[in-house]
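Q: So TrEMBL lists the following for this protein:
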TRANSMEM  12-32  transmembrane segment
TRANSMEM  85-105  transmembrane segment
TRANSMEM  111-129  transmembrane segment
TRANSMEM  141-161  transmembrane segment
TRANSMEM  173-203  transmembrane segment
TRANSMEM  210-228  transmembrane segment
TRANSMEM  287-306  transmembrane segment
């Protein structure tokens with residue numbers, strides 16, 4: 001099959017960037033109707049970095065700087081956080097354009113090249129992370145970006161370049177650079193892919209590309225070290241270990257066994273296994289072996305990501321289209337190898353099509369949203385004046401409590417309520433917020449500025465909950481080394497002036513773990529000042 005025209009391929013990809021990016025910008029802000037907590041998390045970190053803080057050194061997060069600095073680049077220019085997020089996605093798509101073109105034009109032909117190029121750009125520019133629920137959300141946007149890089153990495157590592165376009169040094173620089181960016185974006189991907197990429201390059205004898213890739217990756221690592229210092233990496237590792245120590249976030253979705261053979265995933269797993277077999281039996285032995293090498297990485301990344309969206313199925317479809325064996329060879333079940341490969345590619349695409357369709361249509365859904373159904377996330381924060389959340393989700397405040405707390409006689413008919421969390425010898429209510437957390441936290445922030453609390457703008461709060469906008473909504477100081485999203489321990493408690501314990505947290509289990517860590521750390525606190533929503537403790541220093 002004839003290779004594509006470079007100009008034609010580039011113009012189409014530029015058009016995709018222009019159309020999807022332009023539609024996203026046209027709304028004039030960012031309208032989110034799902035996973036608002038992730039929006040708070042992103043805003044928390046973006047505000048801190050805009051103020052000059054450094055990730056890992058000044059705040060605790062397992063996400064790398066590449067997940068936030070593209071956004072901060074625009075907030076520092078005075079753009080609102082919502083449009084800054086959209087501009088950042090467009091910027092990344094533009095920066096990835098030459099890499100996507102190099103990958104598509106040097107490794108693929110025909111439909112495979114088109115599908116790869118368009119899919120990669122869609123993943124970068126979408127306004128939803130995937131899955132089959134039509135919505136708009138910033139949740140896990142960094143996973144989308146990482147998958148786009150992964151598609152390029154796998155194809156560059158496994159497939160030799162076409163004749164007359166072999167540039168092993170360029171490929172090595174791209175591969176090493178992409179791996180380094182993954183390490184600074186979402187380390188899960190780097191951990192999963194580094195060894196398979198190395199093995200894939202070795203399998204096809206691309207030693208020059210491998211050496212250059214190692215050197216390029218080291219160059220990026222050294223540049224980061226030179227700019228941020230040694231402490232950056234030390235704190236980064238500490239932040240990553242905080243996730244592995246978490247009982248609730250080390251694997252935030254389905255169990256590994258379900259990822260492999262659950263009803264939602266089994267057909268995908270069988271398709272992957274059959275693809276390896278068909279490629280091996282169909283004369284594409286090296287491609288089959290390379291796919292087998294990458295299979296654990298695909299499963300691991302899916303397992304580690306909330307939502308467990310197996311985007312590798314789209315990559316598998318492209319991979320199979322690029323490795324269709326010659327007709328006439330017989331493989332498993334006495335099937336024609338070429339037809340079997342095409343069938344497996346079609347199954348892969350069908351399985352992931354709802355997620356891909358959700359991503360590609362998300363900008364148009366975003367543009368069509370009725371603005372009257374949305375409210376500002378935070379009213380008094382300049383950088384957040386273009387961040388809008390769905391009113392019916394955020395303004396309605398509801399909680400979850402055991403019914404046996406109100407009707408103790410019911411305990412004899414079912415399981416007893418869980419034991420309440422204890423802190424400093426006192427029982428906390430068995431309560432967790434179901435909706436309205438941003439409204440409740442804004443109310444708490446306002447109360448903390450008034451009597452009997454009366455805290456000033458320089459106060460640093462440790463909030464015993466998963467995530468919070470209290471410091472932003474109240475105009476307080478961000479907690480040094482605090483965690484915008486809590487995973488384990490009590491990061492930043494040594495810098496806090498005040499401990500705030502919500503009586504109805506977002507995640508009661510996370511709060512219980514946090515309070516246990518604070519007690520274990522021996523933090524000295526004054527007796528609490530109490531109201532109906534929180535207990536507030538001044539920390540003795």
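Here the Cβ of each residue, glycine as well, is placed from N, Cα and C on the backbone.
It should be emphasised that the depicted structure is a prediction, and the values quoted were computed from it without experimental measurement.
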Q: Please figure out which one of 85-105, 111-129, 141-161, 173-203, 210-228 racks up the most CB pairs under 8 Å against the transmembrane segment (287-306).
A: 173-203
Q: Counting only residues 6 or more past its boundaries, what in the same chain has a CB within less than 8 Å of a CB in the transmembrane segment (85-105)?
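A: Residues 3-4, 6, 9-10, 13-14, 17, 21, 24-25, 30, 42, 70-71, 73-74, 79, 113, 116-117, 120-121, 124-125, 127, 138, 141, 145, 148-149, 151-152, 155-156, 165, 170-171, 174, 178 contact the transmembrane segment (85-105) from elsewhere in the chain.
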Q: At a C-beta cut-off of under 8 Å, are there same-chain residues at least 6 beyond the transmembrane segment (111-129) that contact it? List them, or none.
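A: Distant contacts of the transmembrane segment (111-129): 4, 9, 12-13, 16-17, 20-21, 24, 30, 34, 86, 89-90, 92-93, 96, 100-101, 103-105, 135-141, 143-145, 147-148, 151-152, 155, 307, 309, 311, 314, 317-318, 321-322, 356, 358-360, 362-363, 365-366.
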